[in-house]
Amino acid sequence: MEKKVEAILEFDKIKKQLTEFASSSLGEQAILELAPATDFQVVQKTQLETEEGAKIIRLRGSAPITGLTDVFAHLKRLEIGGDLNGLEIYQIGSNLRVSRQMKNFMNDLLEIGVEIPLLGALSDELLVLKEVEEDIAISVDESGKVLDTASEALSTIRRTLRRTEDRVREKLESYLRDRNASKMLSDAVITIRNDRYVIPVKQEYKGHYGGIVHDQSASGQTLFIEPQSVVDLNNERKALQAKEKQEIERILAEISASLAAWINEIHHNTFILGRFDFIFAKARFGKAMKAVTPHLSDAGVVHLIAARHPLLDAAKVVANDIYLGEDFTTIVITGPNTGGKTITLKTLGLLTLMAQSGLQIPAQEDSTIAVFEHVFADIGDEQSIEQSLSTFSSHMTNIVSILENVNQKSLILYDELGAGTDPQEGAALAIAILDASHAKGASVVATTHYPELKAYGYNRVHATNASVEFNVETLSPTYKLLIGVPGRSNAFDISRRLGLSENIITEARSLVDTESADLNDMISSLEEKRNLAETEYEEARELARGADSLLKDLQKEISNYYQQKDKLIEQASEKAATIVEKAEAEAEEIIHELRTMQLNGAAGIKEHELIDAKTRLGNAKPKTINKTIPQAPKQKPHVFQEGDNVRVLSLGQKGTLLNKISDKEWNVQIGIIKMKIKTADLEYIQPEKPKKQRIITSVHSSGSPAKSELDLRGERYEDALQKVDKYLDEALLAGYPQVAIIHGKGTGALRTGVTEYLKNHRMVKSIRFGAAAEGGNGVTIVEFK
């Protein structure tokens, strides 16, 4: 890709903005070296890297890249046997710390199932040198100072040095406290000259303290004297300082030697961390721009949805759909100047360079952009931020160069093609250049104000017209790109709006040739039809929104119905269970009495006792509420057989047929009791069949109403997040004020991931772990706004 094109399309300004998102000079350097790739697979890989980086930023907010430094020069010195200073050693240690933190960070993401294959493989290349990192951490601080903990010898030397310095200061302070001090000293302070402690003595008292004169004031009235009493202590202090320096040099040399054994590993770690910084910078830049990862085409197909120029004010820039490469390969944008035509060219060109550099683009999801081998641009910079003039000859020189180098994998952007010369000749040249560009197989977008080119899109099957919408009411362009509608002159309409006489306008119209007038009328008709279509489209969208609102209300009512139904069924079930429990208890009591009677001998059971027991069993049946229900069609009576499960109607109990006594009577086993029961008192019980899943017809496309809880136990991390996302939408549609998400306790990884996701969901008001009765920290309760 030519550097000239990058400059014309202002790609350098994108890179400058991108550097603000880098955390280190390594990331910044990678950005400065960034250039659009032309190999399709390379572009795919860099886009996937950025997408994985964006996924991590969405999940974690940031990555542990802070503290990364360019240490390649330090490693060069180690390579030739040199020693490093304390700050250089600290910087290498900082990189080792970042390497370890980054590797752990990436491993944590991989363990919870986040799919980041490219960045996961990149982190696998990082080598953790924990012992080397720890040795550096106890040896030097961030300013490069060697710490007392670097060696026992250094710690001892420094303790002795501090004590010696204290003794020197104590001795000198005694002179300052002397009652004659104010007379003999210029100032009651201890200072340093030639790295030795001294006091300021007046000239006339220089012999009073003895010792060594190290300096004097500019006037000569004050001498800085090291009294004789501290000369030995100062000498001792200097000797200790020399020992300290020697020990520090030994420590730095020792650490440097240990680092020299790991030069290649540290070099590779630093390179990998620089890549991470670069990738995360791209991801954060994309997030700041509200950009998306585009689909890539290797066949020259471009379909940008709501594409925005990234260097224009995001609050003011007009988003446009730009499509090319399927139904046509050439777009000719016609219409007056200052209408936003050049911005369209630059938007397409700049977004192409960004995509081929692995950057996300400012457009909507599902946008597609092509990967080109060459992007050529001949753009007059009248509307560029960097303004300059261009002559016809310089434009033509540029076009000649383009046509010599273009191929079928090229995108050409022509701005005001054929301008700067006689209009008739310029229009003819423009048409010929467009035909020549198409013959080379290139994708072309060109702007022109020549009316002759308005018919180009109709006369060439490979081309289409386009224009930038102009609002005659406000006398200003809307900057909205209209593909398929050529631009038209608005001179008459504008003149009328500004008050020009209708007679003059009528005469002017009569002077316009019929063909041009017909063309303008055709364009005007197209615009009217398009505006009508847009109006009808908006009305249809409004109706669709209304229908959607009604649908949501209906879904809410259905959800409320099922909730109420479930509640009533639950209440009824509880009541029925209580009744049955009571009936079972009474039946057990009766059976116990009968068993006792049986143990006492059959002869002991009186007839009236059996009748009484039978009556009590009948009374123990749960009372049912008679309802008037449609009578089911009478079925053919069942022919009873031994082993059939039956219900004894008079007792309300289930039993099993043992043997047939006669057509009118059977022996029936009811629990532990064998009884003779009349056939008319028996009801056949069908064997239970597997229950079929009840299908509920719903207006919601996803099936039955959402439940008030979602069970994620056993799910993989990313699958779980997708289910949570879908479930929250369904729960919101169902109108639930709050829901429960069951993730289990386990290692806590799934719980942590779900919690982080919920914190960032725009419709979530609050989250909390469940109470003990709700499932504790194995459940998250979500309250909606």
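Cβ coordinates are placed from backbone N, Cα and C, and glycine is handled just like the others.
A C-beta separation below 8 Å, combined with a sequence spacing of at least six in one chain, links Gly340 (ATP binding site) to Val318, Val468, Pro477, Tyr479, Leu481. DSSP assigns Gly340 (ATP binding site) to coil, not to a helix or a strand. Taken from Swiss-Prot, the feature ATP binding site covers Gly335, Pro336, Asn337, Thr338, Gly339, Gly340, Lys341, Thr342.
As annotated by Swiss-Prot, domain 'Smr' applies to 710-785, with the evidence given as sequence analysis.
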Of Gly335, Lys341, Thr342 (the binding-site residues), the residue whose Cβ has the fewest other Cβ atoms within 10 Å: Thr342
Across the domain 'Smr' (710-785), average pLDDT on the 0 to 100 scale: 82
Local backbone state of Gly335 (ATP binding site), from DSSP in three classes: coil
